[in-house]
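Asks: For reference, TrEMBL lists these features for the protein:
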type	residues	note
BINDING	SER87, THR218	Mg(2+) binding site
BINDING	LEU212, LYS213, MET214, ASN215, SER216, TYR217, THR218	GTP binding site
Amino acid sequence: MGAALDCCLKPNGELLDALVKKSLQKPTEVDEIGEIENLNIESFLLSNSIEFTDKINPTLYKIAPLTKFAKNQISIIILGNKNSGKSTFLRQFKLQADSFTDKERHSIICDIVFTFLDSIKKLVSRIRKENKFVNFENEDLIEELIGFNPRKFEISPFLFDEIVYVWNDPIIINGYKKYCEELCLNRFIPFFFAKINDYKNSEYLPSNEEILKMNSYTANYELFSFNLAKSETHQNHINQNQGENSIEKGQIEYSKIGQNPVEGEIERRMEKSWDISKELVRNEDNEKKEKKLKNKKKENGYNISLFDVSGKIFSRKNYKNIKFNCIFFFVSLGDFNLMMADSSENSRLNIFNDLDYFNELFDKFLYDSSNPIVVVFTKLDVFREKIENNSGLFKNVFPEFKGDSTNVNECQLFVAKLFLTAAARKNHRLFFRFSKSVDCFNKESVFDTVNYACQLIEEQRKRQREERKK
């Protein structure tokens, strides 16, 4: 998921020093971290961070059905507020496992309709707030659509025609362009609008792209379990083919030698017989290697359960009932200056609601400080664009910030420190991942993040085993 900023707290409260030091003995200044390349922060480690010299290549992993042979059971709870990217992250895994049923795919159309109607409602309200005398092209139809709930009533093809008619109102179109970010509207609405004729077909099933681009709101929680196992490489086959090619090459060269054809044929038959014997031995060796690899695969595979849990306040009381080994806490860094998408919690900015949510976890639910927490900052590209194009924006949100408000590196480190402060109170281990807005649509990106968590948990278990031996 891009480069990672791996921060592991020392249990001593020296938070600000710990963030910018590679070790307590060898301090490292912030400037030495390096410039951000490709919209991602360069990795750096602290004195007690976990360093993985043998990084897992995400392309070598595949999702397989759950198996009783997997030695490692890992439960990861996925938390975050609306529009943080957490549900898209889970959907990517489900799509890779081909676990979306036709019924689930068809239900996406209902979500698309709801998104259109909800967007129209928010736009009309916002436009009227600015100009109460505004005249839409069809006021009656707008009121009818605003009052329609697609999750309670059947969706007819005529509904899509009405949506098209209302959305084509120039006031609505211009309002979407102007207020899309402010109202936290789906930025892919034009993409869905272009496909609206497809949605009239009752047998149409949305594609993977449509599933990922549609907002998903977790009502309670969603569980997805799978086996993450290393894909078999073709190295044995490559070696075998290379051996066969060398034999063929030898035979070709041998046939060019000016010998008696009969003697040459006998030689070739003897050589072929010898090759067959070698092939039998090689096959037997390969079977042993494959069996050994299979057993190793059983030991190294992970049975992983991903819990996508609702971030709504009334749902948080159930967190204590979920057993987990790791937390992914998603934060939309690019939306730091925006209000919450949920109208019931829109009195504060996104980033402060995220911090309140994060602090609440430590106060009420996180009692085991050994389980690692990975804070996943999403939309880093959006964050960078805002910081570089508006010099005063960051200080408007964080007036206590004393650094360069146009330096993306300094600004994101400042935000990271806010989350580190919460973890420091409980001496909890904290790690960071930074990603672009498109990373949750990237297969290797989501695999890499889970592989990263598996390594953290393995290192944690290794330390616990060593401590028990002492």
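Cβ atoms are placed via backbone N, Cα and C, with glycine included.
Nobody curates TrEMBL annotations by hand; they come from automatic prediction.
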Asks: Work through the binding-site residues one by one (LEU212, LYS213, ASN215, SER216) and name whichever has its CA nearest to the CA of SER87 (Mg(2+) binding site).
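Replies: Result: the closest of the binding-site residues to SER87 (Mg(2+) binding site) is SER216.
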Asks: Which one of these binding-site residues has the most other Cβ atoms within 10 Å of its own Cβ: SER87, ASN215?
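Replies: Ranked by Cβ atoms within 10 Å, first place goes to SER87.
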Asks: Helix, strand or coil by DSSP: which one applies to LEU212 (GTP binding site)?
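Replies: For LEU212 (GTP binding site) - judged by DSSP and reduced to three states - the answer is helix.
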Asks: By the count of other Cβ atoms within 10 Å, pick out the sparsest of the binding-site residues LEU212, MET214.
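Replies: Among the binding-site residues LEU212, MET214, the sparsest Cβ neighbourhood within 10 Å belongs to LEU212.
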Asks: LYS213, SER216: which of these binding-site residues has the sparsest Cβ neighbourhood within 10 Å?
Replies: SER216
